[in-house]
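Listed in TrEMBL:
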- 9-30: transmembrane segment (TRANSMEM)
- 50-68: transmembrane segment (TRANSMEM)
- 88-106: transmembrane segment (TRANSMEM)
- 112-130: transmembrane segment (TRANSMEM)
- 135-158: transmembrane segment (TRANSMEM)
- 164-183: transmembrane segment (TRANSMEM)
Amino acid sequence: MTKKIFTKIVVFFTLFVIIGILGLTLWDYFHDGVPGHNLLKRKDLPKISNWWGLLSIPLVTYISLKRIEKRVNFKTDFTNQIFFKKHIVPFLIALVYGIFIVVFSSTGNSKISYSMFLILFVVALFVPIYKSEYFLGFVLGLTYTFGGALPVIIALVLSTVFYLLFNYIGPIFVFIGTKIGVFEKGK
């Protein structure tokens, strides 16, 4: 894969997301109006309209893909298989995970969705789920139910926490695990 091809992917995927969020917002508009969501589901906190998704989701998509592009070294042996494994699979995992959280939350299984949410903090100790692939997949997974702005706000806060967990707290567990023989040295 070359940088030129990846740039085309960025443009086409961003256009695909624009069409998707525009279609979703227009559907809402013509069917009972565009909803809004209160922060933390509390009526005393501000309501954020799903209209913001028309701006936030394409912007997040473009910025996330550009961040991925900066991390990719196109000069080495960068194949489609490596790209799929390092970038597409994490994106799809986060997308499906976000969709499952939405499904469980929407069907009244809030304990399951809450547990899935908490599991992310444990996973963040050992997997870099703060990266753009996971961020974008998670945001897009939550967008249908929670609109365009709320998932971005949630994911920004979570990504910051996950970065700190992975880079500062996770190594402590790896160090302790290495000392007591759970992890092999050198890995």
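If you go along the chain as it appears here, the first residue is 1 and each next one adds 1.
Note that Cβ sites are derived from N, Cα and C of the backbone, with glycine treated the same way.
Curation does not apply to TrEMBL; its annotations are automatic.
Values in this document were obtained by computation on a predicted structure and should not be read as measured data.
Using the rule of three or more Cβ pairs under 8 Å, pairs at least 6 apart in sequence, the transmembrane segment (88-106) is in contact with the transmembrane segment (135-158). When each of 9-30, 112-130, 135-158, 164-183 is checked for Cβ pairs under 8 Å to the transmembrane segment (50-68), 135-158 comes out on top.
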